[in-house]
Amino acid sequence: MSARNAKPSPAGPRTVALVPAAGRGLRMGGHIPKQFLALGGRPILAQSLLVLQASPLIHEIILAVPQSERQYCLDHIVATGEFSKVTKVVPGGVQRQDSVRHALAEVSQETEIVLVHDAVRPFLTEDMIRRVVAAAVEHGAAIIALPMRDTVKYVGAGGVIERTVDRRPLWLAQTPQAFRRDWLEEGHHKALLAGVQATDDAHLVELIGKPVVVVEGSGENIKVTRPEDLVIGEAILNSRTAARSAE
Ligand SMILES: Nc1ccn([C@@H]2O[C@H](COP(=O)(O)OP(=O)(O)OP(=O)(O)O)[C@@H](O)[C@H]2O)c(=O)n1
Ligand SMILES: C[C@](O)(CO)[C@H](O)COP(=O)(O)O
């Protein structure tokens, strides 16, 4: 086992990472769900897990994967010992929110902070983990996000621009997103009862009236969604490899 994925002694409040990895990757196309596609010679999921495994702030990792891939993940991720913090692999659900809820159900009561991170965002960093967990400890909930850089248009029927939107208060949500366990549990529970579907977990915590703060992320923290993102991802990996060589 390399030093990079050795199990460091956990530090800080008990923090459990939930990794939703049960999507079908429809926008990517192809037959293999994108989280299992290779990037830099490893599955994208493994690239993301490496960072969480190496973080001293992460005590445990719970994975949500497609039922059909559960044995593959148990054999190639849990059994190898490389990702010793992965303690549970649960079946995902129809939507991302359902997959997170299935994983959240496995979080122990002594957990203080739950960090949710998309399997298909392999470029998260220890610095992002540290800052978002610290902000969640201080405020109760925090997300990695990017201030909007482009001009924003509100587009109506027929693709006609109706107005230009003031972009100054707008941020693009990313993951990791970190929460007090009880807040995230309450948000998911009330959303399930109300039939509310959200595309990120912060929205569910906002809906129960809790403050969620933003922590600035990086343009490199892309969500691998479409084929062109694989090209961008390889470029990011290459630039990071070159930077390490230059150190
Ligand atoms: N039912 C689902 C849907 C998504 N995800 C996960 O949530 C993350 C972000 O979702 P997204 O990028 O939308 O992935 P997909 O749903 O697979 O993509 P698409 O919408 O193109 O099918 C991914 O790690 C994905 O595996 C999940 O665990 N369960
Ligand atoms: C959680 C997320 O990555 C924040 O930007 C995003 O909402 C996931 O959305 P998707 O439609 O499931 O890709």
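In case you wondered, yes, glycine gets a Cβ from its N, Cα and C as well.
Nobody curates TrEMBL annotations by hand; they come from automatic prediction.
According to TrEMBL, the site 'Transition state stabilizer' annotation covers Arg27, Lys34. The site 'Positions MEP for the nucleophilic attack' annotation in TrEMBL covers Arg167, Lys223.
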Revision key, fill the gap. Checking the recorded sites Lys34, Arg167, Lys223 against ligand 2, those whose Cβ falls under 6 Å of one of its atoms come out as Lys223
Study note, to complete from the structure: Per DSSP (helix/strand/coil reduction), Lys34 (site 'Transition state stabilizer') sits in helix
Exercise for review: Tell me the Cβ contacts of Arg27 (site 'Transition state stabilizer') under 8 Å, same chain only and six or more apart in sequence, or just say none.
Suggested key: Thr225, Arg226
Review point. Over all shown protein chains, what is the count of other CB atoms within 10 A of the CB belonging to Lys34 (site 'Transition state stabilizer')?
Key: 27
Check your understanding: Near Arg167 (site 'Positions MEP for the nucleophilic attack'), which residues of its own chain have a C-beta under 8 A away, given they sit six or more steps off in sequence?
Key -> Met148, Asp150, Thr151, Val152
Practice item. Determine the Cβ neighbour count for Lys223 (site 'Positions MEP for the nucleophilic attack'): the number of other Cβ atoms within 10 Å of its Cβ. Key: 15
